[in-house]
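**Student:** Could you have a look at this structure, given as structure tokens, before my questions?
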Amino acid sequence: MNAVNLSMTVVLAVLYSVGFYLLLQRSLMRVLLGIVVLGHGTNLLLQLIGSPPGRVPILGIALPSEFTDPLPQALALTAIVITFALTTYLLALGYRSWVLVGHDEVQDDLEDRRIAQRERPEASMGEETTGEDDAEDDPGSAAASGDPVDPADVGGER
Amino acid sequence: MLGLVVAHLVMAAVLPAVSARNRRAAFGVAAVLPAVTLAWALGNAGQALGPGLDSTTSWAPELGLAFDFRLDALGLVMVVLVSGLGALILAYSAWYFGRRSRDATRTAALLLFFAGVMLGLVLADDLLTLYVFWELTSIASFLLVGQSGEHRANRRAALQALLVTVFGGLAMLLGIVLLGTAAGTYRISEIVTDPPTGSAVTAALVLILLGALTKSAQLPFHPWLPAAMAAPTPVSAYLHAASMVKAGVFLVARLSPAFAERAVWWVPIVALGLGTMLVGGWRALHETDLKRLLAFGTVSQLGFLMVLFGTGGRIAAMAGLALLLGHGLFKAPLFLVVGIVDKVTGTRDVGKLSGLGRRLPSLVVASVLAAASMAGLPLLLGFLGKEAAFEAFLHDGGVRNWLVALTLLAGSTFTVAYSARFLWGAFATKPGLPATEADQPSRGLTVPVWITALSGLVLGTLAPIVDGLARRYGAAYPAQDAVERDYHLALWHGLNLPMLFSAAAVGLGVLAHLRRDALTALHRRLSHPVSAQRGYELVVAGLERFAVRVTGRLQVGSLPAYLGFILLTVLALPGGALLAGGSWPADQAAFHTAIQLPLGLIVVIAALALVRVHRRFTAVLLVGAIGYGIGGLFIVDGAPDLALAQFLVETLTLVAFVFVLRRLPAHFTEKRPPRRVIVPKAVLATTAGILFAVLGVVASGARTAPATASEEFARLAPEAGATNVVNAILVDFRALDTLGEITVLLIAVAGTVSLVLATRHDRRRGTQVTSGSGTPEHEEELLG
């Protein structure tokens, strides 16, 4: 039985709140900072859920029974590195956005907004029934299932 | 039995190869398997009429799934319809489709595929197996009605058929699961012998009925069936008259012995069935297209069958079984006749055909046989069924039964009238119309018509054969009185009330046909804007508009809004589960070691300040402070490796930020948004943050013992030649994960470098980028 202690709970709550809040902003830079903060929060969460503070998991320094759980540490170590990779990439993306359009703000997707303004679907499954019937041959007729008619033959009769 | 079904499907798969050489041969080859199936079923008739023939093939035993099949009296009748008529209609198709017809290849394969899955459906003794085949027949119907999709009428009809039947099918699946759970088994034979009870069963029955009513085109779902006449005539004859539309009736017939006493079962079936019978019959009286006339006739007859199978009396069930067989044997040849008429004259319009009877006398005889069976004239199978149907409701003389009997009489009158109208429309010489030109149809087209029409006569005359089948099925109901116990299907019961009803139906029907002009005038006067077809269109259009509205509200094009929706979902679902099931650990320490407090304070202050700063550089420094603070906490927790990596990465991140910040403006450029935007965001983020913290507490509280994997890692670390367990995990035990991590790094590096180089390239060339997402030009282009 172990538990996150109360002070760490507060730290977690603040980190996640700030991370989410920044994520909801429009500036790409703030969004990026939000992701970094969320990454920190998650790494801390992994450690705290894993086990209460214990001895360093290195053989020869402590007994295995006194170890903190090494598995969350390994997971968090991977997570730290990947967060770093993501950060640099987003940073480059924000930079590129700034160079191209003069700011680094996330724009609204105009295509999506156009869909949102639409009142009725562009193409409808039921719409065809109200449209004018085109002068096609009856598809259920025997003629439609017969041999395809050579257009050259028909031409003479018309 | 599974073997037979699978053989159909395999054969259907290889059929296109045959078609490529010879279209006609493909239909011939396809007809072989259904014929074999029919022979197999008739060969096993003795056992089917006795205890029933069972076969089980295990599918997924861990889940209790198995292909259970069973051949009994009802199954035998359905196999005759599915395989017997299937073989004949496939043979007919060989002559119906042109030698070079483009549709023939796919139609042959799909018809055989359909024959296979329909066979599976009628033999299934397991509700889930039945459901699988049920939906497969819907799909086969969609493909066959849709044809190549070139014609609007095909597409529309195929979609309508699919939407309506699959909607019912999905409801039915839910019902099946409820029923199976309540009964503890999905085997139909076990459910019928020991029917479950309870409110869940009531709901299950309503849902299953929805599936049966949609599939069998009952009011108000019926319009899809006449619309499906856009398919080639053999397809209509097979799927939409003889077999597939009977699936709903079949399911009702299967389950009625268990549930017919419940009002939730018989009331909707009888009410809707009677309504369907009347509406279908009435509409058939006014159709000018012979095929649509027959389609409405089918709708009407399906309503009749529903009533017979749904009421749950012994005689009604016997009548139902006789008519089930009878309907297939008279409706299929009538459709085939329409196909022939269409083929030799080029029209199916009642107003254009005239004098055809003189040119095709033998076809007239066959048609009269079939139509007379439909009208219920003596000596024919239809008569046996109709007599029994009247007897079923007349013999005990209750008010309810009399009402049903009188409605059936009205429906039968319509049936007689539209049977007469069919014969008149197709073959009569009409005054003022020139005799229609017609070629002689080939034998391949007429022989199947004759076989089916004659079998109706033979089975009608040899009443004991059908009687044996019907009594075996009727035995599912205990006899209520002596009349029920001793009732036999027979051509002559003496002069009695049912006989009078039959005669009245014929007399009134013929009268109605003679006064057809007056009836059509009445129909015109009664025409009103409310119709089931209009209802279907409104529902579909409404659904589409609803979908557009929902999409419009959720997909607003703004990233913060999207993230907000996701966060809300996280709050609602895992948050709800947490509130419902999580338990707060009993012993909560304020801190584990005192040094956690100052470190945590640094992190909290830096994080809160981060929200308020306007200078980019300050923000980056604050993030760095958070990172170092957390590294410190890692050390306290006993994770020096982690802390080391954290410090290193934090430093590198800081360097990377500084490189970019050199070029960006010092302050955040975005305008400060109004309060009404900030407050919801802050509330949402805070709530989500608290949720995660609580999640952490509850999750750690739920843990009662150290992970076994971790102990294992510690034990094995010396063998990996390591003293640091974390290192051993990363480079040895979970080395593949680390490889994946390195790959991610590599991809990120490639992306970053190319972005930076592209920017540098642009600068050097001095290119001005004037288009692209977000520029004024782009916005103008999009919004017009």
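Cβ coordinates come from backbone N, Cα and C, glycine included.
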**Student:** Quick one: which of B:130-149, B:470-489, B:530-549, B:710-729 does TrEMBL have down as transmembrane segment?
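**Tutor:** That would be B:130-149, per the transmembrane segment entry in TrEMBL.
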**Student:** Which residues of the same chain, at least 6 past either end of the transmembrane segment (B:495-514), have a Cβ under 8 Å from a Cβ in it?
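**Tutor:** Same-chain residues near the transmembrane segment (B:495-514) but 6 or more away: 285, 375-377, 383, 386-388, 390-391, 394, 405, 409, 412-417, 419-421, 424.
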**Student:** Other than its close neighbours in sequence, what residues sit by the transmembrane segment (B:73-95), given a CB gap under 8 Å and a spacing of at least six beyond its ends?
**Tutor:** 23-28, 30-32, 34-35, 37-38, 41, 45, 48-49, 104, 107-108, 111-112, 115, 118-119, 122-123, 234, 237-238, 242-243, 246, 250, 253-254, 321, 324-325, 328-329, 332, 336, 339, 442, 444-445, 447-449, 451-452, 469-470, 472-473
**Student:** Any contact between the transmembrane segment (B:682-702) and the transmembrane segment (B:559-584), i.e. 3 or more CB pairs below 8 Å with pairs at least 6 residues apart?
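**Tutor:** Touching, yes - the transmembrane segment (B:682-702) and the transmembrane segment (B:559-584) meet the threshold of 3 or more Cβ pairs under 8 Å.
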**Student:** By a Cβ-Cβ criterion of under 8 Å, what residues six or more beyond either terminus of the transmembrane segment (B:161-184) are in contact with it?
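**Tutor:** Non-local partners: 127-128, 131, 134-135, 138-139, 141-142, 145, 190-191, 194-198, 200-201, 203-215, 221, 224-225, 227-228, 536, 540.
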**Student:** Checking distant contacts: for the transmembrane segment (B:196-214), what same-chain residues at least six beyond its ends satisfy Cβ-Cβ under 8 A?
**Tutor:** 134, 164-165, 167-169, 171-176, 178-179, 181-184, 221, 247-249, 251-252, 255, 259, 262, 264-265, 268-269, 272, 306
**Student:** List, by number or range, the same-chain residues at least 6 past the transmembrane segment (B:362-383) whose CB is under 8 A from its CB atoms?
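**Tutor:** Residues 297, 301, 322-323, 325-327, 329-331, 333-334, 337, 340-341, 412, 415-416, 419-420, 422-423, 426-427, 441, 446, 449-450, 452-454, 456-457, 459-461, 466, 491, 502, 505-506, 509 contact the transmembrane segment (B:362-383) from elsewhere in the chain.
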**Student:** Which bits of the chain, at least 6 residues beyond where the transmembrane segment (B:265-285) starts or stops, bring a Cβ under 8 A of a Cβ in it?
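**Tutor:** For the transmembrane segment (B:265-285), the sequence-distant neighbours (Cβ-Cβ under 8 Å, at least 6 residues beyond its ends) are 205-206, 209, 213, 217-219, 222, 226, 252, 255-256, 259, 293-294, 296-307, 309-312, 404, 407-408, 410-411, 413-415, 417-418, 421, 512, 516, 519-520, 523.
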**Student:** Can you give me the average pLDDT across the domain 'MrpA C-terminal/MbhD' (B:601-665), rounded to a whole number?
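**Tutor:** Mean model confidence (pLDDT) across the domain 'MrpA C-terminal/MbhD' (B:601-665) is 91.
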